[in-house]
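> Questions regarding the structure given below will be posed in turn.
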Amino acid sequence: MAPPLLHLTPHRFLLTRRPGPTRLHHHLRLSLKPLSSSSSPSPPLHGPSLRGGRAPPDNPDPFARAFDLAALRVPAAACAPLERRLRGHLLNWPRVRNVARLPNDQGLLALDLSLPSPPLRHPAGDEPAGPTPAATAVARREKLAREFNARGYLRFPNLARLSRPSPAARKRKERKGDDSGEEATLERVRDKAYVVEVVGEGTDDDDDEWKGLVGEEGFGRGVWRMGPTRLLLLDESYAESSVDELPEAVKDVLDHETQQDGSSAYELIRCQLTLFYNYWPMNEVLEALLPEGVIIPTGFETVGHIAHLNLRDEHLPYKKLIAQVVLDKNKPKIQTVVNKMDAIQNDYRTMQLEVLAGNDSLCTTVIESGLRFQVDLGTVYWNSRLATERQRLVNDIFRNSDVVCDMFSGVGPLAITAAKKVRYVYANDLNPTAVEYLGRNTVLNKLERKIEVFNMDARRFISAIYSSQLVHPVTQIVMNLPNDAAEFLDVFRGILRNNQSRLHCGMPVIHVYGFSKAEDPEHDFHERINAALGENVDSVEMHRVRLVAPGKWMICASFTLPESVAIAQPKYIGG
């Protein structure tokens, strides 16, 4: 017999997130462009899209889109195995659960109806043979409540704390109770992303229509509705299908489940899924908000709780709107959105940033490779995109016995990460604020005994390192200042000219970074290195770090300092 198809009273249940009244909604009333046009209809899309569905009437959210679906109402106990077997026929939309619940889906328990009384127990020895019926969830809960005395609270202190709400929680509950019905409902659904609503009015005329789908013998509420139920949302292609029009694979699964348990039954019902602002990803929201022809910003750099944008000129008229969308879609991790106003043009490599959304604090804590770094983006330089390159140096190149010299260390992302592995680190930066944060970060990560910090010009720093009687001879030198690092290579010409006794310590390996827009960036960067050193370096290992702009590569050149360069005549002033 076909599974019964019942006509249900409309119910509504809420899942995950829905937007509350944010500042963005004030912009949406003015700038949300139409997503569909009768003159140029869009092709049908599979899955949820802002260009699909329909706008629900009288809904304040301009991003709300309603979709018609079909769903199977099944007993809660059979829901999980049935979901696994019907996986290919379920909705399977991102961030939407295939299993949905109604507020009153607990059967008789939700309707406050009494369950059948348990049979009277017979005197000892007179009990009829047969298995004892299992206790219901209500009976087990009541039995636990009777036995859970003061000793139980001592054994389970967490449960005791939960059973006695804090004064703040009680006040919040009282405030919610004082709200009007509409305000209380808004408070409950403020963080929701979608709503599922069962469609139907429960009229007699509708009953005749539903009966025609399954026949008179399959109509009516069965005893299975006394227990808890769940909804399995079917694929959107089945939205208008009747029971007979479902795929044979679906009907075979339902028939099989019904044969296993005669008390199981299933309903095919119509429902409406409404998706709200919090459901849609950032790129779809921005596509709806920005004018036609404007490139949609697709990414940003994350520094702690700060999102760092690099907006183009065409984005600047909409920068506040873009920032608010980025903030909404990345909470609570992102709390501040900034945009770089101009290119880096100072010796301290600090950026001019404009706060577009969120709080105004540019001081944050970044976690990289299990280490913590305090950063103030307004006064120091930080680039999270170089984390992979830093790990490449530490994991693949540096050895435990190495002594690393970081000439442009900043707040210490490489120096502190390397100190976890190598023998010792000399870290230097020209920016006194960066050096201050470098000192804090060494203490924060408990590595102050393995790092020595300097605040000097890079040339003076290298001259001081090689003119002093160091306990730890340098074996690795990192020059990560891509704009100008190659120009500092002349400091190594003649660096050991007046210190011949140190030649037995070996020549250091230098890792210098630079940018190149040439067709052959490796050859171009190699020529610049040779020009700075005043001598050809034959063995140079080139590594392309990343493409920073179309046709512009960041290159890392690694080579061992030639002994002939270390003892040659210095070329720069002060050598």
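Cβ coordinates are placed from backbone N, Cα and C, and glycine is handled just like the others.
TrEMBL does not curate its annotations; it predicts them automatically.
As annotated by TrEMBL, region 'Disordered' applies to 32-61, 164-186. Marked as compositional bias 'Basic and acidic residues' by TrEMBL: 175-186. What TrEMBL records for 300-563 is domain 'SAM-dependent methyltransferase TRM5/TYW2-type'. Residues or ranges marked as S-adenosyl-L-methionine binding site in TrEMBL: ARG390, ASP429, LEU430, ASP457, ALA458, ASN480.
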> Between all pairs in ARG390, ASP429, LEU430, ASP457, ALA458, ASN480 (listed as S-adenosyl-L-methionine binders), what's the biggest Cα distance, rounded to the nearest Å?
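Those residues reach a largest Cα separation of 23 Å.
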> Go through ASP429, ASP457, the listed binding-site residues, and name the one with the sparsest Cβ surroundings, counting other Cβ atoms within 10 Å.
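Lowest Cβ count within 10 Å among the binding-site residues (ASP429, ASP457) is ASP457.
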> Relative to the Cβ of ARG390 (S-adenosyl-L-methionine binding site), which residues of the same chain, six or more apart in sequence, are found under 8 Å away?
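Correct list: GLU368, SER369, PRO413, LEU414, THR417.
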> Report, as a single number, how many Cβ atoms besides its own are within 10 Å of the Cβ of ASN480 (S-adenosyl-L-methionine binding site).
24
> Are there any residues in the same chain, six or more apart in sequence, whose C-beta is under 8 angstroms from the C-beta of LEU430 (S-adenosyl-L-methionine binding site), and if so which?
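In sequence order, the residues whose Cβ lies under 8 Å from that of LEU430 (S-adenosyl-L-methionine binding site) (at least 6 apart) are ASP347, TYR348, PHE408, ASN455, MET456, ASP457, ALA458.
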> What is the number of other Cβ atoms found within 10 Å of the Cβ of ALA458 (S-adenosyl-L-methionine binding site)?
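Within a 10 Å radius of the Cβ of ALA458 (S-adenosyl-L-methionine binding site) lie 20 other Cβ atoms.
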